[in-house]
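Following: one structure in structure tokens, then a few remarks.
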Amino acid sequence: MDYFATVLISSLSSASILLIATLGLAVVFGLMGVINLAHGEFIMMGAYSALTATQLGIPFILAIPVAVLVTMVFGALVEIIIIRRLYGRLFDTMLATWGLSLALYQGAVLIFGSVSPGIGMPQINFNVGDYTLAAYPIFMILVAAVMLAGIYALLTRTVYGMKARAAIQVPDMARAIGIDSARTNTLTFAIGCGLAGFAGAILLPIVPATPSMGFAFVIKAFLTVVIAGPVTLAGSALAAIGVGTGASVVASFMTSVAGDLFFFILTVVLLRLYPLGVSAKWRIKL
Amino acid sequence: MEHNLTTAEKIHGSIGISAPTIAVIIALGISGMLDPYLAYVASLWVIYGLLGMSLDLVWGRGGVLSLGQTAFYGLGGYFGSVVAINFSELTGNSLIWALPTGAACGALSAAVIGYLIFYARTGPLQTTILTYTFTILLWTLSQSFKITIGEAKIGGDNGMANIPGMILDFGEDATTLEPNAMFATVVVISAVIYFAVRLLMSGPFGRVVDCIRIDGEKTELLGYDIRKYQLQNFMIAGAIAGIAGALFAAWSNYLNPSIFSVQEALMVPIYVLVGGAGTLSGAFIGSVLIGGLSFWLGGGAISGQTTLILGLVLIVLVIFLKNGILGALNSLWLRFLPDRNRAVHSIKPVTIDASVVENILADAEVAAGPPKSLETKNATKAFGGVIPVNDVSLKFEPGIPHSVIGPNGAGKSSFLKVCVGMYPPDSGDVLLGGENVSHSPIFQCVAKGLGVKNQKPQVFGELSIFENLWTAAFSMTRDKNKANQIADQILTMLGMHEQGNVEASALSHGQQQWLDIGMVLCLTPRTILFDEPAAGMTNEETRELSHLVRILAKKTTVLVVEHDMEFVRTLDGMVTVLHQGAFFAKGDIVKLRADDRVLDIYLGRRAHVQSI
């Protein structure tokens, strides 16, 4: 029973980690209709930014905003230089961000080498019956919830959020009433990248920074967004928690590859039932 | 419709065969003289070209970006090698084992993935993501996957060694080919595959695949099961990738999981983009050019940063070089050819000759049987709280034209979409000639005799006028010659006989409406649905259209959804009024015009509207 509880808690924590890693992708997809194949590398960039900051003596808690800032600025540049030229060209956008993904990966290999030191996880533990769980991964459940609430507030309670939603729903009308949709999109993409950077930084104690860490995240992150469908925020949360928990239960009994495989197969089954994502017929919009 | 082509245009049209033929002859000619090391490296470029072509088939022609071609390539390589390792000693020849196994394995794995993607009707984005994650999944999976099958040992990260090279001879003393002979072999195999694929893709199959890329919905409205075509195309591409993988394994004598890596996968779209998407031969140009360039520059100098550079190259290619080298050359060449669409200005206005249409209809009745009635029984379709089709029971018979009218938002178009199978009804039934088609997919409704013209003209802009009509006619006849005849008949009726070669995109809006109507007639439909066919037509054209509809209604069931009341009046048929998704009134137009309640809903007067 205790064992079952620990598996469930740690699986829920894995699902939350997945959600943290996915939200940036979901925001960009939901608000711009663009899939950023370099999303994993933005997570990696966030992780390395936070790592470098801590190595320079900045406390970890302050290294997180540094990582967010770095990835946001870089994301804004990418939007202006690349994405903006490819609006409405879905495949080309994916190819270009894919090229970026590999360039960033190789860039990280050249700058940081293929192995980097991790940073220690805060040593706080608690017990469930006979089992001891580390507190930090469990803390991620709370982080995911706060992130979700924060993004929801950002999109519904701020002027930017309203502009961004207007720009995606009726782009022409949004422009007609004076919303600079190009600038809104730049900000949206930067926020998406910033969220990826945040994920890389906050997960650093759990997932050490390596150049290839992005590829480890993207299978599940991309599939989560695909399962979610058009209502990206609520859909991703549901998909990450539903399928993600299942996959990590499988992974904890078998191997992590089996977890990924399970995730893939479940995605395919879900797409059979909901070809355009589980949220295709939902009436809420976020 | 190859008439009035100049010699220059003919050369341009056949360049996809002549230029590759010359290239193959040159490659075979110099294969004996090449430096063995260059021949060895160049074999790999050709193999990569084959892999690139498999992507071009799916992406450039099929319109679906697959990032999973290296997955089929790798699977073909692994399984082809397992069989070759175990059996090639029996025969000497290794390729007769490796290539068929590679092809089968590539096609089979593509069939599984393709079935899931195309039969679930997921979107293009989902397709790309699924193929990409499939590749990464195989990459991680293969790193720890260990198995021994007979003589073949797959050792996870350590890969699989001792893969036999390319052996063509049979018998015990057969020897592995020297690099120069290997190069020639790879060129011949690739050439055979290229010409076979080109032949296939310039026939009906390729035409339908092109149509799906341009407008999948319209292709299905022409009665083609687009899922089947997409899946078959995907499987062919998978088989080609599998063959390329088996060739690669024989070339390197060794495989490891890096064949599934993203770095490997990255190369494939680059080859296609450099050469030109949709050209099939472009991928070879891309791979030879890039391979040759890095050979020239000496691969060692940039090897550490190759991925970095190629990643950036991909970004630059996507932004700046959309059509690749062949695309750029083609548009340059086209400038020196007479304008293909020059004849478009001399299209005469359509005049409907009753006897011609009646002949066509008589032929259609022979081919497709008597007209079919269309009936809905309590059909209901809701979207959330909106009910655009609310418990509608109507029956339409041949003899006179039927019109459905109603103010904006009355549910006219939705009703039509329910009849066609685009919106399967939530409850109630749709009967075509007495047969229940409520939940039949669109292409089946069309195959059973339904012809549909949507509100917006849907024509395949990149195809010629004749090809548009032919594609529609071929869907029903499945016979090239009969399709030629029918398309020719309709082409003449539309007054476009001299313009068969003109691209459909060069036509004006009204002309595209006529072409679309012509395509529907090519289907020899037993029941015809027109959604606002007169939109965008001039008064003269509308008059001709009314004439056509009245003739059609004598021999088929015709249902017109229309806004233009004057047009409806000229049809002189039975009129049904829909209001807020439900049946409201029925009768001839004179009666309805005198009906106060109908006027009320059109004019938005309150008194009667509220009493309904």
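Any Cβ shown, glycine's included, is placed from N, Cα and C.
Just so it is clear, the model here is predicted, and its values are computed rather than measured.
Here's what TrEMBL has on this protein:
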type     : residues  : note
TRANSMEM : B:12-31   : transmembrane segment
TRANSMEM : B:37-59   : transmembrane segment
TRANSMEM : B:71-88   : transmembrane segment
TRANSMEM : B:94-117  : transmembrane segment
TRANSMEM : B:129-149 : transmembrane segment
TRANSMEM : B:181-200 : transmembrane segment
TRANSMEM : B:234-251 : transmembrane segment
TRANSMEM : B:271-296 : transmembrane segment
TRANSMEM : B:308-333 : transmembrane segment
DOMAIN   : B:374-605 : domain 'ABC transporter'
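Counting C-beta pairs under 8 angstroms (sequence separation of 6 or more), the transmembrane segment (B:234-251) fails to reach the transmembrane segment (B:308-333), with fewer than 3 such pairs. Across B:71-88, B:94-117, B:129-149, B:181-200, B:271-296, stretch B:271-296 shows the highest tally of CB pairs under 8 A with the transmembrane segment (B:308-333). Residues 31, 65-66, 69-70, 72-73, 179-180, 182-183, 186-187, 189-190, 193-194, 197, 201, 233-234, 236-238, 240-241, 243-245, 247-248, 251, 267-269, 271-272, 275, 277-288, 291-292, 295 of the same chain lie 6 or more positions beyond the ends of the transmembrane segment (B:37-59) yet place their CB under 8 Å from a CB of it. Listed as Cβ neighbours of the transmembrane segment (B:94-117) (distance under 8 Å, sequence separation of 6 or more from its ends, same chain) are residues 68, 71-73, 75-84, 87-88, 126-127, 130-131, 134, 164-168, 185, 189, 230-231, 234-247, 249-250. When Cβ-Cβ distances below 8 Å are used as the criterion, the transmembrane segment (B:271-296) is approached by residues 16, 19-20, 23, 38, 41-42, 44-46, 48-53, 55-57, 59-61, 190, 194, 197-198, 201, 302, 306, 314, 317-318, 321, 323-328, 330 of the same chain, each at least six residues removed from its ends. Contact between the transmembrane segment (B:181-200) and the transmembrane segment (B:71-88) does not hold: fewer than three of their C-beta pairs are under 8 Å, each pair 6 or more apart in sequence. Sequence-distant contacts of the transmembrane segment (B:129-149) (same chain, at least 6 residues past either end, Cβ-Cβ under 8 Å): 66-68, 70-71, 74-75, 78, 82, 86, 113, 116-117, 122, 155-157, 257, 260-262, 265.
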